[in-house]
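Read the structure below first, then the notes.
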Amino acid sequence: MTTVVQETRPATQRVNQPGREEAVVRAGEHPVEHERPEDWGWHGEMGKWGRRTWFLGPLAILAFLFGNHQGKVEDIWLVVIAALMVVVFLYDRVRRKNAWRAK
């Protein structure tokens, strides 16, 4: 059985976090307790242009049907994925039409 050796470095310290794993932080600092996704990424919607050009995604997927492949399994997957994209668009359109406040 091997023993785990934990290195100690003077520039860092280990901090126990309740309900989470142990954190390694710089000496004198504290770990980030909660980080909002909005602080580091974009969480908006595509807006009007995303809804106007919805058909480009399924068309790009269906363009892969034309090629030099011989099997038909990938054709089935491509058609199913494109159909699923259309279903999601139609669901979004109905949801927005029946919503109290549509963007």
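Yeah, the Cβs are placed from backbone N, Cα and C, and that goes for glycine too.
As the structure is a computational prediction, the values presented were derived from the model and not from experiment.
Here TrEMBL flags 1-16 as compositional bias 'Polar residues'.
Taken from TrEMBL, the feature compositional bias 'Basic and acidic residues' applies to 19-30. Packing against the compositional bias 'Basic and acidic residues' (19-30) from elsewhere in the chain are residues 10-13: each is 6 or more residues past its ends and has a CB under 8 Å from a CB in it.
The region 'Disordered' annotation in TrEMBL covers 1-30.
Annotation comment: TrEMBL describes 53-70 (among others) as transmembrane segment.
The annotation transmembrane segment is assigned in TrEMBL to 76-94 (among others).
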Query raised in the report: What same-chain residues lie close to the transmembrane segment (76-94): Cβ under 8 Å, and 6 or more beyond its ends?
Result: 51, 54, 57-58, 61-62, 64-65
Query raised in the report: DSSP helix, strand and coil counts for the compositional bias 'Basic and acidic residues' (19-30)?
Result: 0 helix, 4 strand, 8 coil
